[in-house]
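Enquirer: Checked Swiss-Prot, it gives:
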- 1-265: region 'Amidoligase domain' (REGION)
- 13, 146, 147, 148, 186, 187, 188, 189, 190, 191, 222: CTP binding site (BINDING)
- 14, 15, 16, 17, 18, 19, 71: ATP binding site (BINDING)
- 71, 139: Mg(2+) binding site (BINDING)
- 290-541: domain 'Glutamine amidotransferase type-1' (DOMAIN)
- 351, 379, 380, 381, 382, 402, 469: L-glutamine binding site (BINDING)
- 378: active site, nucleophile (ACT_SITE)
- 514: active site (ACT_SITE)
- 516: active site (ACT_SITE)
């Protein structure tokens, strides 16, 4: 029997419902329970795949190829469960499925309404996503009071009636602000948020109160009194330097035990030693390395959320504080590579469109010519190949057909056919819809013997997640190999280039996939760990060069 924990948010958005849900999931998992997490998004887009990163932040790709909310990345980083397309759905997806059923005649000519048809579809999708788990944590996107969230809130209200309070539990995340002028913590926004939630039939069982500082006992008691929530169930969650401290903070306040008690679950004590080690390693680095992330969405760092977390994970596993310098590739086009001179390593992430491309190409050239560790992910690999073709293979005006359809040397072109990991041949062509038509999800990759990639992974076959429409053009790859480009990874059917490197460079790696999606704080990822180690080595080498003249003078 699956128990359901519904997490809602009030007062303001961006309080951290996703991280709170994931942290509770980590606690319950450490108590011996099988956990999964779902995210319900109230927007009308079918999925976030075609949404601007400036609007939505990162699109997280699951193993089965779904384009989902970035919160699913938090879920996978905190718990051991692998998310699928069933773990995230939107209002748009729900309505599309209901309308499809209506057109098919499934409702036998009935009038289709929000209640019961939309709410029934939401409940069915929640049950489907939760199937097989001891506990399903269901995060409802948006803020209580938003009109968009009402169908979801109504659906979970109905689930409480249908399943009872031994199988369902409501957690409400809310803000308790500190008003500096008055020198007081204000509980009124939380009181009103709970009042709004109760007005639609939901009484929270547990409150998680977000604040700048830990909540004093007096305010905790006041909140309990006015919201009809027992005082031990009012949890204080203040700001922390690292999100990986949150499972420990919530465990220490007894949240996991409180949940198990309310849901009548017999569970063991939560063993969070792994999280203690992560936090200790993050708080006590022995080294520092500066990494430039050269992209076009740098004004919103959530656009690269999994990427920044993967770099942090690599720092944890190398005892290194990773300083991330986000650099707009258009700024490099305007001001040149001077912006890169103080960094120890350069990373160019994925992206779409021609804006800022030449700045990224300049960054790859700067890294190649100056022996600086370079990590190109997805588009970052493609622009490294474009730069190499132009400079080393004398392919003037080489480009991707994404940016220049008439380029004389299309070293990167639309991928029209590939074999998925199930052995199925998938095809795409010009003019296809943008949504859901990319090469998506986990795909197997065969690594070249004696390559850097093979040494980093420690195995000859890996599965990594993809999200792209364009690939290296096999018709031109032979010429690039003659000039020193190493194809260190290929698709399992040998049709597609998955990884590249340069043999005469200290550390120059490109991959067509997105390794950041599978990095976790407890394990890291071999490519990111190798990249940070290379950055440290480059930093030490630079120090040695700078110290050499003064050493000679001393001699």
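Glycine too: its Cβ is placed from the backbone N, Cα and C atoms.
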Enquirer: Pick out which of the binding-site residues 15, 19, 379 has the most other Cβ atoms within 10 Å of its own Cβ.
Expert: 379
Enquirer: Which of the listed recorded positions (402, 516) has the least company, meaning the fewest other Cβ atoms within 10 Å of its Cβ?
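Expert: Minimum Cβ neighbour count within 10 Å, taken over the recorded positions 402, 516, occurs at 402.
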Enquirer: Mind looking up the mean pLDDT for the domain 'Glutamine amidotransferase type-1' (290-541) in the predicted model?
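Expert: A mean pLDDT of 91 is what the predicted model shows over the domain 'Glutamine amidotransferase type-1' (290-541).
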Enquirer: Starting from the Cβ of residue 382 (L-glutamine binding site), draw a 10 Å sphere and report how many other Cβ atoms land inside it.
Expert: 32
Enquirer: I'd like the number of other C-beta atoms within 10 A of the C-beta of residue 17 (ATP binding site), please.
Expert: 25
Enquirer: If we count other C-beta atoms within 10 Å, could you say which of the binding-site residues 186, 188, 469 has the fewest?
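Expert: Taking 186, 188, 469 as the binding-site residues, the minimal 10 Å Cβ count falls on 188.
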Enquirer: At the Cα level, what's the spacing in Å between residue 351 (L-glutamine binding site) and residue 16 (ATP binding site), rounded?
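Expert: If we compare the Cα positions of residue 351 (L-glutamine binding site) and residue 16 (ATP binding site), the gap is 26 Å.
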Enquirer: Roughly how many angstrom lie between the C-alpha atoms of residue 380 (L-glutamine binding site) and residue 514 (active site)?
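Expert: About 10 Å separate the Cα atoms of these two residues.
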Enquirer: What is the set of residues, excluding 351, 379, 380, 381, 382, 402, 469, whose C-beta falls within 8 angstroms of the centroid of the C-beta atoms at the L-glutamine site?
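Expert: These residues sit around the L-glutamine site: 350, 352, 378, 383, 400, 412, 468, 470.
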